[in-house]
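Notes to accompany the following structure.
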Amino acid sequence: MTNIRKTHPLMKIINNAFIDLPTPSNISSWWNFGSLLGLCLIMQILTGLFLAMHYTPDTSTAFSSVAHICRDVNYGWFIRYLHANGASMFFICLYAHIGRGLYYGSYMFQETWNIGVLLLLTVMATAFVGYVLPWGQMSFWGATVITNLLSAIPYIGTTLVEWIWGGFSVDKATLTRFFAFHFILPFIITALVAVHLLFLHETGSNNPTGIPSNMDMIPFHPYYTIKDILGALLLILALLTLTLFTPDLLGDPNNYTPANPLSTPAHIKPEWYFLFAYAILRSIPNKLGGVLALLLSILILIFIPMLQTSKQRSMMFRPFSQLLFWTLIADLLTLTWIGGQPVEHPYIIVGQLASILYFLLILVLMPTVSLIENKLLKW
């Protein structure tokens with residue numbers, strides 16, 4: 001008798017994706033982040049669902065409803081901080097996943113890569129609208145500043161911003177629609193994840209060498225299921241440590257002050273995972289130029305496959321490209337630091353240099369060095 005997991009229409013899908021899936025035998029722990037992102041998404045949807053049961057998306061009660069969750073709901077504080085810090089873990093995994101893709105040339109699977117970029121944008125949008133919901137000072141002013149960037153669009157900008165606000169400022173209508181977006185987007189993300197996996201399983205996984213691994217595949221279960229469980233346990237350990245010991249480490253103290261349109265915080269800044277893009281935005285003195293640089297800093301990922309000049313897919317055997325890659329990581333960390341600093345000397349010039357280096361590395365230096373490596377290898 002044939003095994004039910006290979007014949008049943010639903011079980012067959014699960015079997016082909018997580019059990020009998022042929023997987024390269026040499027993929028490292030950098031390949032764990034995909035499953036960790038899936039775990040993060042499930043955790044965020046579940047904790048978010050329980051938070052939504054007690055939250056009220058209204059300017060007069062939003063802040064107090066979050067306080068009520070933390071004070072009066074059974075383990076409400078725990079669910080709230082799991083959700084807030086879960087977002088941070090989500091972005092750590094997301095950036096590691098993208099970094100892995102850049103280093104090992106996984107972007108050559110173009111459909112998978114492009115859906116991944118779309119996923120990144122959707123997750124960023126979800127995190128942004130979610131940050132507005134507690135209706136603290138940084139929620140309100142963050143929403144005001146970021147939505148206002150759209151006013152830089154010529155001709156239709158101002159109308160567009162007022163349309164998004166649902167009025168002439170960030171107010172009740174804005175909060176209500178942001179709650180609606182924050183509720184629906186994770187389900188859109190889940191659908192996109194399914195498409196992301198669909199395209200990935202058309203080609204199979206890449207591996208650290210970048211060489212086709214068709215001749216040396218092993219079943220996903222038990223080898224990589226057990227490896228993924230280990231990764232998941234480590235992620236949960238990190239999340240619980242953060243949530244139970246220092247729940248406010250990554251948050252902004254200003255968000256414990258209720259939103260006040262008449263009082264602007266000294267330093268308006270987004271959550272840490274957006275700081276690199278915020279630093280690039282601030283480094284250009286012109287409003288429209290800053291907005292375009294901000295957009296390009298993320299959308300540049302779409303052009304990565306076109307900038308591939310190396311004859312080798314992975315950076316595993318390319319020391320010069322490796323050096324530039326780690327320079328890029330250091331540059332992104334510098335931008336993240338600058339994004340959280342006030343706009344004054346010497347931070348301004350450091351931010352501008354780091355922004356120039358970011359685009360220079362991706363668009364010029366890395367493709368050029370790849371060509372030099374080809375020459376050195378007589379290819």
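Here the Cβ of each residue, glycine as well, is placed from N, Cα and C on the backbone.
Annotation comment: Swiss-Prot describes H83, H182 as heme b b562 binding site, evidence class similarity to another entry. Annotation source Swiss-Prot lists heme b b566 binding site at H97, H196, citing similarity to another entry. Positions annotated as ubiquinone binding site by Swiss-Prot, on the basis of similarity to another entry: H201. Per Swiss-Prot, transmembrane segment is recorded for 33-53, 77-98, 113-133, 178-198, 226-246, 288-308, 320-340, 347-367, and the stated evidence type is similarity to another entry.
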Cβ neighbour count within 10 Å of H83 (heme b b562 binding site): 21
Distance, H97 (heme b b566 binding site) to H201 (ubiquinone binding site) (CA atoms, angstrom): 17
Sequence-remote partners of the transmembrane segment (77-98) [C-beta within less than 8 Å, at least six residues beyond its ends]: 30, 33-34, 36-37, 40-41, 43-44, 47-48, 50-51, 66, 69-71, 116, 120, 123, 127, 130, 235, 238-239, 242-243, 247, 250-251, 271-273, 301
Candidates 113-133, 226-246, 288-308; stretch with most C-beta pairs under 8 Å toward the transmembrane segment (33-53): 226-246
Among H97, H182, H196, H201 [binding-site residues], residue with fewest other Cβ within 10 Å: H201
Positions whose Cβ lies under 8 angstroms from the transmembrane segment (288-308), at least six residues beyond its ends: 98, 102, 105, 107-108, 110, 113-114, 117, 120-121, 124, 149-150, 152-154, 276-278, 280-282, 355, 358-359, 362-363, 366-367, 370
Rounded Cα separation (Å) that holds between H97 (heme b b566 binding site) and H83 (heme b b562 binding site): 21
Rounded Cα separation (Å) that holds between H83 (heme b b562 binding site) and H196 (heme b b566 binding site): 24
Rounded Cα separation (Å) that holds between H182 (heme b b562 binding site) and H196 (heme b b566 binding site): 21
